[in-house]
Amino acid sequence: MTVDAVRVELGARAYEVRIGPGLIARAGAEIAPLLRRPKVAILTDETVAGLHLDPFRQALVEAGIASSALALPAGEATKGWPQFARAVEWLLEEKVERRDVVVALGGGVIGDLAGFAAAVLRRGVRFVQVPTTLLAQVDSSVGGKTGINTAQGKNLVGAFHQPSLVLADIGVLETLPPRDFRAGYGEVVKYGLLGDADFYEWLEGAGPRLAADAEARQRAVRRSVEMKAEIVARDETEEGDRALLNLGHTFCHALEKATGYSDRLLHGEGVAIGCALAFELSQRLGLCAQEAPSRLRAHLRAMGMKVDLRDIPGDLPSAEALLALMAQDKKVVDGKLRFILARGIGQAFVADDVPGDVVRALLEDALAER
């Protein structure tokens, strides 16, 4: 299999997302052209470090590149002020300069945190994303959104800071626990739902074999990245089209906050549930036929994924409380909730005028089924 390259066209800040097998084994050769001096600082997590840090550093050694590494605790709870401050202080202790490169080796949590640390360190240093989860490869590593969570909600503090390079080694996805792989698939299916009905139809057939079929996996990652790159090139800072990428996320972020950013609900699981709710909301508003949410739920079930609120273990707050959590979402405009709705599969659009009582009724019905 060959390596695919998808270019994110952002003028002087354009970069490539390279997708294929064996990219960690030759990471040194891939990163070397970016370096002013042969040294990088790696931010990772303890789980990823145990699997991939040594091979990654060996690849750097083979290219004559020295490295230092900090492994943070794994999990969404790391994506907050304490570990962010720890990472920034460590980078300063390592004397990382403005012309140096920080490497984010890990999933979405590490990519977001490391990217934000790079954005604020000395008012901005370059960084390279080496995403090791399906979710990070198809979504969070591309497009320059970085940040952390706060007590008030998810991703409320951050910056747009584009990477200089993304290396998506599809081989490392074979080390993912099945639950994490399925969670990442929530972001893959999102792309078909928001703007490519043919891709969604292909996923309905190919989805169940992605974990075991490297060629299908690479195709899924490549098409997802192509779609994201096209949208980011049109709307880097989410003034318009880029909001489409938040399909399912208004519900998702409220549910993540309600479950304490814990293992009760992984981000990609929340995205899948959020997409199902967004399509159900669209149907209730008369925007799409009942076939669309039914078809989506059937596919997610076939993939063994969480689909409804009843699939989330433990207690959940009331519909009113979930609405209050949504009101803190960063997509709120003039105090009004912004949803990504759909006229059908592959036909998403941004809606700023969704009646709150319809959303409340949807949540009440979903909670009643638990």
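From the backbone N, Cα and C atoms, a Cβ is placed for every residue, glycine too.
The NAD(+) binding site annotation in Swiss-Prot covers G108, V109, I110, G111, D112, T132, T133, K145, K154. Residues or ranges marked as Zn(2+) binding site in Swiss-Prot (evidence: sequence analysis): E187, H249, H267.
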Assigned element (helix, strand, coil) containing T133 (NAD(+) binding site), judged by DSSP:
coil
All-chain count of other Cβ atoms within 10 Å of T133 (NAD(+) binding site):
29
Neighbours of the Zn(2+) site E187, H249, H267: Cβ within 8 Å of the Cβ centroid, same chain, sequence order.
L135, D139, G186, K190, G248, C252, G268, G270, V271, G274
Quick check for the class: what is the C-alpha distance, in angstrom and rounded, between D112 (NAD(+) binding site) and H267 (Zn(2+) binding site)?
13
Fewest other Cβ within 10 angstroms of its own Cβ, chosen from the binding-site residues D112, E187:
D112
Quick one: pull the CA-CA distance for I110 (NAD(+) binding site) versus H267 (Zn(2+) binding site), whole Å only.
14
Measuring Cα to Cα, how many angstrom lie between G108 (NAD(+) binding site) and E187 (Zn(2+) binding site)?
12
At the Cα level, what's the spacing in Å between K154 (NAD(+) binding site) and H249 (Zn(2+) binding site), rounded?
10
Whole-number Å distance between the CA of H249 (Zn(2+) binding site) and the CA of T133 (NAD(+) binding site)?
19
What does DSSP say about K154 (NAD(+) binding site): helix, strand or coil?
strand
Far apart in sequence but close in space: which same-chain residues, 6 or more away, have a Cβ under 8 Å from H267 (Zn(2+) binding site)?
E76, G108, L135, A183, G186, C252, E256
Please report how many Å separate the Cα atom of T133 (NAD(+) binding site) from that of E187 (Zn(2+) binding site), as a whole number.
11
